[in-house]
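Have a look at the structure below, then the notes.
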Amino acid sequence: MTDASENKGLDAQGEVGVVIVAAGRGARAGQADGPKQYQRIGDRAVIAHTLEQFLSHPKVGPVVVAIHADDRELFERAAGAHAGRVLAVIGGPSRQASVRLGLQALRERAPAKVLVHDAVRPFVDAGLIDRTIEAIGEHQGALPSLPVADTLKRESADGMIEETVSRAGLHAAQTPQGFPFWPLLAAHEKAHHLGKTEFTDDAAIAEWAHIPVKIVTGSPDNFKLTWARDIAMADQRLSSALPRFPDIRTGNGYDVHAFEPGDHVTLCGVAIPHDRKLSGHSDADVGLHALTDALLATCGAGDIGTHFPPSDPQWKGVASKIFVEHAAKLVRERGGRIANADITLICEAPRVGPHREAMTAALAAMLGIAPERISIKATTNEKLGFVGRGEGIAAIATASVIYPGEVPA
Ligand SMILES: Nc1ccn([C@@H]2O[C@H](COP(=O)(O)OP(=O)(O)OP(=O)(O)O)[C@@H](O)[C@H]2O)c(=O)n1
Ligand SMILES: C[C@](O)(CO)[C@H](O)COP(=O)(O)O
């Protein structure tokens, strides 16, 4: 459970505890693969978003989450690192029962105030939490709500309109609903003992127990995920905003091969007639070797020698295409998408220009990306050094890959 050290969890009147109810089955949302609080929206589960809002709030102290007995694993997986910062208790057969059990788990800690929130309202924000906490008095609860905007109709048993109901003074209730801790716990326990189980929110129990409740301004964003379409809408909203810190990685590679007697060189997958060949264990395609290293570098997967040791006879004379395709496969297995690849060949001869198009097409096929995402350039070394003396060919390569998720903080 979170602790209240260093003033965290304290407001002017004392500690603020939180009960998040997450034990429902989500029958109306009808998700086949688990209750709505564990559905993924954006990059995390609904409940992870909700927990984050409370756990990052400076006035929030101990947090209890009421979960269903069948959902322990789901909860721990969905809440991730947050799971260790809250107390998970088993909820009851109704929201009301889950709230009571959550409040009872806070009894020992006895915070001055308590907020009760639906796990399935992931768009609660710090301002709303603040407004609610501030409005809680020693003998008064606080309810965020919005005035009803639509005209209201009562339906008759035969599906016709029976009457138009005035919306004057009507509000749609949201959570978190805030209360002084002891009066709310007492009201819940009394209702339980009297078998009163009809309350759909805590403000209704407070009303029954004569605890005055003040309205604070809710937030239109703080909607409850009730139906499947609400989950889809929440996901769309978050996904369109993501990612804020996209995980774009760049890798580079460098390789050199010396000339030896022969009649062609293979560069970027294309055989080019020449008066010598490049020496090497494989086909010595220096451009593809540099690119293989660049791709592997984007996911920390070692280098070409790690995967294809020159000491291994099975790679003797093979086309270097298989090295690049292997590296691209490792990238894809990690969810990566290759954004572009850029190779510079450094040689006095042969001339690369006439083969550039064929090289680009070959690389596009190896990487499974569009040709315009590939750049192949060549330069001489101005007759300087080993390249300038025509002793061999060097290549440098850069690859950019976008991986799923965000760069961790
Ligand atoms: N026995 C229950 C029932 C509901 N809740 C929680 O109360 C919140 C609001 O309830 P609702 O939207 O009605 O959720 P469900 O009960 O899961 O939905 P449904 O009624 O469609 O089954 C949710 O966070 C839900 O997990 C709970 O903790 N315990
Ligand atoms: C608590 C609540 O979210 C306030 O609007 C609502 O009452 C929950 O009701 P439901 O019947 O469980 O959807």
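Cβ atoms are placed via backbone N, Cα and C, with glycine included.
Whatever TrEMBL says is automated annotation, not expert-curated.
In three-state terms derived from DSSP, Asp255 (4-CDP-2-C-methyl-D-erythritol 2-phosphate binding site) belongs to an extended strand segment. Per TrEMBL, the feature 4-CDP-2-C-methyl-D-erythritol 2-phosphate binding site maps to Asp255, Val256, His257, His281, Ser282, Asp303, Ile304, Gly305, Thr379, Thr380, Asn381, Glu382, Phe386, Arg389.
Residues or ranges marked as divalent metal cation binding site by TrEMBL: Asp255, His257, His289. For His289 (divalent metal cation binding site), other Cβ atoms within 10 Å of its Cβ number 27.
Computed over the domain '2-C-methyl-D-erythritol 2,4-cyclodiphosphate synthase' (248-401), the whole-number mean pLDDT of the model equals 96. TrEMBL lists 248-401 with the feature domain '2-C-methyl-D-erythritol 2,4-cyclodiphosphate synthase'.
According to TrEMBL, the region '2-C-methyl-D-erythritol 4-phosphate cytidylyltransferase' annotation covers 1-248.
Here TrEMBL flags 249-409 as region '2-C-methyl-D-erythritol 2,4-cyclodiphosphate synthase'.
According to DSSP, Arg28 (site 'Transition state stabilizer') is assigned to coil rather than to any helix or strand. The Cβ of Arg28 (site 'Transition state stabilizer') lies under 8 Å from the Cβ of Thr226, Trp227, each on the same chain and at least six residues away in sequence. Per TrEMBL, site 'Transition state stabilizer' is recorded for Arg28 (among others).
DSSP classifies Lys36 (site 'Transition state stabilizer') as helix under the three-state reduction. What TrEMBL lists as site 'Transition state stabilizer' is Lys36 (among others).
When secondary structure is read from DSSP and collapsed to three states, Arg167 (site 'Positions MEP for the nucleophilic attack') falls in the coil class. Using a 10 Å radius centred on the Cβ of Arg167 (site 'Positions MEP for the nucleophilic attack') and all shown protein chains, the other Cβ atoms total 13. Per TrEMBL, site 'Positions MEP for the nucleophilic attack' is recorded for Arg167 (among others).
Cβ contacts within 10 Å of Lys224 (site 'Positions MEP for the nucleophilic attack'), excluding its own Cβ and spanning all protein chains shown: 17. Secondary structure at Lys224 (site 'Positions MEP for the nucleophilic attack'), taken from DSSP and collapsed to helix, strand or coil, is coil. Per TrEMBL, the feature site 'Positions MEP for the nucleophilic attack' maps to Lys224 (among others).
Sequence-distant neighbours of His281 (site 'Transition state stabilizer'): residues of the same chain at least 6 apart with a C-beta under 8 Å from its C-beta are Pro310, Trp315, Lys316, Gly317. Residues or ranges marked as site 'Transition state stabilizer' by TrEMBL: His281 (among others).
Annotated site 'Transition state stabilizer' per TrEMBL: Thr380 (among others), in sequence order. Neighbour count (other Cβ atoms within 10 Å of the Cβ, all protein chains): 13 for Thr380 (site 'Transition state stabilizer').
In sequence order, Val256, Leu278, Gly280, Ala284, Asp285, Val286, Gly287, Leu288, Ala290, Ile393, Ala394, Ala395 are the residues of the same chain, not among Asp255, His257, His289, whose CB sits within 8 A of the CB centroid for the divalent metal cation site.
The binding-site residues Ser282, Thr379, Asn381 differ in how many other CB atoms lie within 10 Å of their CB, and the one with the most is Ser282. Listed recorded positions: Arg28, Arg167, Asp255, His257, Thr380. Those with a CB atom under 6 Å from ligand 1: Arg28.
For the binding site of 4-CDP-2-C-methyl-D-erythritol 2-phosphate, formed by Asp255, Val256, His257, His281, Ser282, Asp303, Ile304, Gly305, Thr379, Thr380, Asn381, Glu382, Phe386, Arg389 according to the record, the largest Cα to Cα distance is 30 Å, rounded to a whole number. Annotation note: His289 (divalent metal cation binding site) sits in a helical segment as assigned by DSSP. Within 10 Å of the C-beta of Lys36 (site 'Transition state stabilizer') we count 28 further C-beta atoms, all protein chains included.
Ranked by how many other Cβ atoms sit within 10 Å of their Cβ, the binding-site residues Asp255, His257, Ile304, Phe386 place Phe386 at the bottom.
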